[in-house]
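Per TrEMBL, the feature domain 'ABC transmembrane type-1' maps to A:99-284. Taken from TrEMBL, the feature transmembrane segment applies to A:28-50, A:103-123, A:143-170, A:216-241, A:261-284.
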Amino acid sequence: MPQFSLYEEAFHPSPWHRTWAAFRESHIAIIGLFVLGMFVVFSVFAPVLSPYDPNAQNIDGLLIPPSWAMSGSISNLFGTDALGRDLFSRIMYGCRITLGSGLLMVVLAMLIGVSIGTLAGMLKGVRSSIVNHLLDALMAIPTLLIAIIIVAILGTGLVNSMWAITLALIPQFIHHTRRFVRSEAKKEYILASRLDGANKWQLFVHSILPNMTEMLVVQGTLALSIAVIDISALGFLNLGAQSSLPELGAILADGLDVAYLAPWNVALPGITIFVLVLSINVVGDGLRSALRKRMSQ
Amino acid sequence: MTDIMQVNGLTFFHSDTKRWLKKPEIFQLGPIDLSVKRGETIAIIGENRAGKSLLAKLLVGAIPASKGEIELNNHKYLAKYNKQDTQQKRTHDIRMILQHSSESMNPAVPVGKILDEPLRLNTELSEAERKPLIEEMLTKVGLLREHYYFYRHMLSDGQQQRVALARAIMLKPKVLVADEPFAALDPTIRSQTVNLILQLQQELGLAFIFISHNLGIVRHIADRIIVMENGNIVEEGKTETIFRWPQHATTKKLVLAYQSLVPQHTIR
């Protein structure tokens, strides 16, 4: 027992404080976060920020070049497309649809995948194996094919393609969660908690789940970038979002018709998809190393 | 001094005959009979693979035994089953310090939460009532109240050992089982921990069963010694008796090995 009494530290950094401090050290991750934040702001506040209605057609101003070109004008920042719609507004709404649906799909897939994976990890023997490989058949088929099958049955549309991609994302989560729960359950601190009288549910919530953040962040960002690419690919192939809907892939497909006349109609949505996916990956990578540093400094 | 724990015919049988193209592995522990008095310190010594750790785990119920019963304060437990309600009582009364204290701490959970767990699961106290208890326990094992917010990687080995100890005595158990609690510690920390345990033993009157390879410590703190070989107790007796007149071959070997390390005049 200490013979002297010390003042207690007034401030104890919470786990999130520590993660943020470690995250801040990487400049690339911070830049990625700013870019991703910009996309999120554009998506959330698109109705307020966008200068035009994304579907309003301006017959007088077809294929106006972007503002930095010689014949461009500042009133249409990214120019207009073949129907005279403002490209900047369309891309802003496109981020909203692509990023928003991507996030929705990943959260859904994560919830389903992690619960099934945990179940598989906690079960033993054949039952565990069956649960684990329940959705494995989906992994053999590319997302695009699943989407085509679903679209063939239910018809084209953004929601139908979202179901296809969500289904395709789930098996990865199941496998990673099961493997993680398995390896974690063998460790001694689980035994220690078990000796405290914790049942399986309590073990999972209080002992395994806190350790799972790193895995979830890695898998989540990976899944998010896959989801964004897939949803725009399906939009581009006219299987997902239809061309009236401002979705990044669909905008790209629209621009393809006039690619020689107005290359910005292809380049700008393409660059947007690229930067979006890149920033997601950079932020995910930064978060992962920050979480790892938090645990082992 | 009254018996607080009585172990009758504790047996563990492990056979691995199903292995294909491999020698069947058969290991049997026990039957073991043991009685523990209040405030007593018992040391379990023996060679590797003698079943010492297994015995410790059977006692606390980490592994279900095949046969036998454990009687604690006239309350019988079948060692074979650990049903939730009897288990609850058992976690209260027999607690364990695991062999690797660093691995027995969850890296993603702060010390306060780790120490909170036994209280949360085994008592009816509210969160506001639990926190002062935890802080009191932290100072009791020689840590600071701040350590409530610390994570595993911020603590040294000795501090981790203290946390493991605090976790074990959080519920004021009657029996404390420790699997090589002093193995990974340097001499200073080791003697600190030994003194700490002895002090707590006096305060709480708990019986302390520990496994050790360090016969110096065993001789220093144990009241009784159990010598194990191949899953059986081969010799049992008072510490001085065992050290002066070892009967069994294994005991002789162990004691001889110890004496060859220590200058003769200190043993006498």
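Keep in mind that glycine also has a Cβ here, set from the backbone N, Cα and C atoms.
Whatever TrEMBL says is automated annotation, not expert-curated.
Here the transmembrane segment (A:143-170) has long-range neighbours at 97, 101, 104-106, 108-109, 112-113, 116, 135, 223, 226-227, 230-231, 233-235, 237-242, 245, 247, meaning same-chain residues at least 6 beyond its ends whose C-beta is under 8 angstroms from one of its own. Same-chain residues lying 6+ beyond the ends of the transmembrane segment (A:28-50) with a Cβ under 8 Å from its Cβ atoms: 86, 88-89, 92-93, 95-96, 99-100, 275-276, 278-283, 285-287, 289-290.
Same-chain neighbours of the transmembrane segment (A:103-123): 129, 131-132, 134-135, 162, 165-166, 169-182, 185, 200, 204, 212, 216, 219-220, 223-224, 227, 231, counting only residues six or more beyond its ends whose CB sits under 8 Å from a CB of the stretch.
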